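S.K.: Quick one: the structure is below, questions incoming.
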């Protein structure tokens, strides 16, 4: 009993700490809180049209998944840098085998798949706790998975998820709390995402890898995920090449976003210590020799 109370107190203290420490980390230039941007202003549904439903004057999108199909959407434009954010509420019930995804991706080709990709993948669950997997693909090569257990129930209300991408680093945030950093280590031979990418959201069924062998319970269908906050802060492909999209005049390329400050670093390490359940850097069965970027990304 005493252990349970202590655990709850520790969690409560952590939530207060992270809220205070992360405050203002990626709030700049009007990103704070949900906005009422119309979905169609920056996005369109690209597959599973019958399983996509616009709500609240088209400021919210509901995707559903049944045995016939899931659904997905993507941005009209490609981007070369920026801060990309989405507010998401995950499917309730037993959603094992169902994945809700929010990610950036460059075009893929069946002939020569050299795409770049930055992933948020929320693995379905039969109740708390819920696993969030992130991944980084460069030139078609991924295998850089990290997994954390979310410290809240993401099915009860909307939470904010952000990807910051500039020429210095990629950062993943949950409710403005930094959970992952992938630095530009091109100088030591580590490839870094550089291709123009679209912003994409989807609800699909990859139970072959997402459920530890457990079959999806289709009696729980349809599974429903909701998305909000469709404003994009990014440098489009139409704006120009790397020179323009890497300009320090763009606020997400400024010095403030080139590295974590002391408070953010403390919160980031706290998340890694308490909530990380898998890190490709520590998987010796896959990487007998630690990948060169791992030590630099801590």
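Cβ from N, Cα, C; glycine included.
Straight out of TrEMBL:
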- 1-22: signal peptide (SIGNAL)
- 26-227: domain 'GH16' (DOMAIN)
- 117: active site, nucleophile (ACT_SITE)
- 121: active site, proton donor (ACT_SITE)
S.K.: Around the Cβ of residue 121 (active site, proton donor), how many other Cβ atoms lie within 10 Å? Please give the count over every shown protein chain.
M.R.: 19
S.K.: Can you check which residues sit near residue 117 (active site, nucleophile), meaning Cβ under 8 Å from its Cβ, same chain, 6 or more apart in sequence, and list them in order?
M.R.: 103, 104, 105, 106, 135, 136, 137, 142, 193, 197
